[in-house]
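Pulled from TrEMBL, these are the features on record:
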type	residues	note
DOMAIN	5-439	domain 'Major facilitator superfamily (MFS) profile'
TRANSMEM	6-29	transmembrane segment
TRANSMEM	50-71	transmembrane segment
TRANSMEM	77-99	transmembrane segment
TRANSMEM	111-133	transmembrane segment
TRANSMEM	139-159	transmembrane segment
TRANSMEM	171-192	transmembrane segment
TRANSMEM	261-285	transmembrane segment
TRANSMEM	306-327	transmembrane segment
TRANSMEM	339-361	transmembrane segment
TRANSMEM	381-401	transmembrane segment
TRANSMEM	413-436	transmembrane segment
Amino acid sequence: MPRHYIAIVAAGCLIMMTTCSFVFAVGVYQSLYEEMAAQPDTPFTGASTALIDLIGTLAIALMSMAGPYATAWSKQYSPQAVIIAGGWVFGVAYILASFSRALWHFALTQGLLLGIGCCLAYVPTMSVAPTWFSARRGLAMGVIISGTGIGGMMWPPVLRAMISHIGFRNALRVSGCIATTIVTGAGAVLRWEPRFHANLRVRQQQQQQQQQDSNTNNSQTTQWKRLLSVPLVDRTTALSARFLAQASGCFLQSAGYTTPLFFYVSFAQTLGYSTTTAATFLTVSNASNFVSRIVLGHLADKFGRINALAATTLVSAVAVFAFWLPATFSPDGGVSAAAARGCFIVFTVLYGAFASAYISLFPASLVEVFGVEKFTSVNGVLYLIRGMGALVGTPLVGLLIPERTALVEAGTYRRAAGTVGALLMVAAGACFWVRWEIRGSNKGWRV
């Protein structure tokens with residue numbers, strides 16, 4: 001059995017390293033597409049920053065919004081089947097994007113379809129892993145999600161090199177083939193924990209029996225209903241204060257979280273860094289991400305996962321106000337170029353370390369808040385809410401960045417930085433609200 005624990009963590013880490021890392025490396029393509037927007041006869045000629053931003057926004061939003069379906073299909077069929085299907089959809093999306101000739105083609109392929117493929121691989125992975133661990137759940141989830149950091153260190157320079165040597169279209173094709181191969185192999189390992197799976201099957205059989213007793217439709221219609229139905233949160237849970245608090249935190253954190261990921265490279269260029277050097281900020285962020293997720297996962301097991309969730313969200317908000325926002329006042333706002341660069345480097349490290357911790361701590365904390373019985377249904381719905389946050393928040397914040405000066409003036413990002421900081425600060429408040437709602441836990445302060 002211990003061997004399978006290791007296999008679960010290793011397989012999950014590989015999937016995160018491939019799918020989520022590619023999606024979060026969208027900053028490399030964002031910068032490239034913005035450069036192409038200023039050139040004649042490209043798919044992006046004349047496109048605004050907000051329109052180009054829509055590609056990555058759709059991918060990141062759909063990787064969470066389709067969560068209820070990914071969760072339902074994993075329960076109905078098997079996590080392995082859903083994850084492997086996701087790997088193939090992910091790869092096909094990249095290959096189709098390589099043949100795209102207009103911005104809306106990229107939005108459908110590298111945005112919408114890629115996000116769906118990522119969701120089918122990512123959400124079941126994050127749902128299966130917590131069922132295998134109890135005392136070390138935070139550490140296990142931290143190691144798994146650190147795969148995003150490993151891939152984040154590796155893929156941006158690799159993508160830059162591929163784009164320079166073989167062109168961005170061939171880079172998309174190679175990325176698709178790599179993703180499909182790795183996810184197919186790793187996905188075959190990920191299955192429900194046996195006792196959880198047995199209880200799941202008992203509940204499903206009871207539900208199916210109830211449906212058969214009251215169903216007058218044919219079996220084909222029933223199969224379609226099973227395929228398209230999703231597990232909903234019961235009314236009592238949905239109206240509870242702890243669910244409303246958790247949902248608010250999910251939405252607000254997601255609305256603010258992804259904007260810096262999209263614009264690391266572009267903002268670094270406004271500070272005078274070359275395109276190649278600017279791309280290394282993604283690598284620095286993900287290196288910090290990799291280390292912190294393991295360390296914070298261990299600390300979360302020791303001091304409480306809800307405590308860690310609230311604290312890390314608060315620190316990420318403070319990092320925006322203390323370091324990114326001041327960097328936007330260079331050079332016309334009284335901040336020297338050297339000081340602005342220093343602030344942005346510190347921000348990159350802190351934001352990579354603490355903002356990304358939410359992704360691993362959020363699913364790990366749901367068992368404590370809602371119990372094992374409600375984990376899968378609550379998990380799917382909250383992933384949907386996170387996707388909605390990204391879909392709404394990121395484009396709106398992107399509209400605050402004028403496209404004409406997005407690569408040359410740091411002040412262009414001032415309003416966006418302030419908005420991101422405000423969203424994360426309110427999200428931190430929602431996390432502390434969750435902490436308050438479960439204050440009566442038998443674990444005392446360590447929750």
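Glycine residues also receive a Cβ, built from the backbone N, Cα and C atoms like all the rest.
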Check: Hey, which of 111-133, 306-327, 381-401 has the most Cβ-Cβ pairs under 8 Å against the transmembrane segment (171-192)?
Finding: 111-133
Checklist line | pLDDT averaged over every residue in the domain 'Major facilitator superfamily (MFS) profile' (5-439) | finding: 83
Next item on the list: May I ask which of the stretches 50-71, 77-99, 139-159 has the most CB pairs under 8 A with the transmembrane segment (6-29)?
Entry: 139-159
Checklist line | Leading contact stretch, 139-159, 261-285, 306-327, 413-436 vs the transmembrane segment (50-71) - CB distance under 8 Å | finding: 261-285
Notebook entry, point to check: With the transmembrane segment (413-436) as the reference, which stretch in 111-133, 261-285, 339-361 has the largest tally of C-beta pairs below 8 Å?
Noted result: 261-285
Check: Given the transmembrane segment (261-285), which of the listed stretches 306-327, 339-361, 381-401 has the most Cβ pairs that are under 8 Å apart from it?
Finding: 339-361
Next item on the list: Please give the sequence-distant neighbours of the transmembrane segment (339-361): residues at least 6 beyond its ends with Cβ less than 8 Å from one of its Cβ atoms.
Entry: 138, 141-142, 144-146, 148-149, 253, 257, 260, 264, 267-268, 271-272, 281, 284-289, 291-293, 296-297, 300, 305, 308-309, 312-313, 315-316, 319-320, 322-324, 326-331, 410, 424
Checklist line | For the transmembrane segment (306-327), distant same-chain residues with Cβ under 8 A (at least six beyond the ends) | finding: 138, 249, 253, 257, 260, 267, 271, 296, 299-300, 335, 339-341, 343-344, 346-347, 350-351, 354-355, 357-358, 361-362, 365, 368-369, 410, 413-414, 417-418, 420-421, 424-425, 427-428, 431-432, 434-435, 438, 445-447
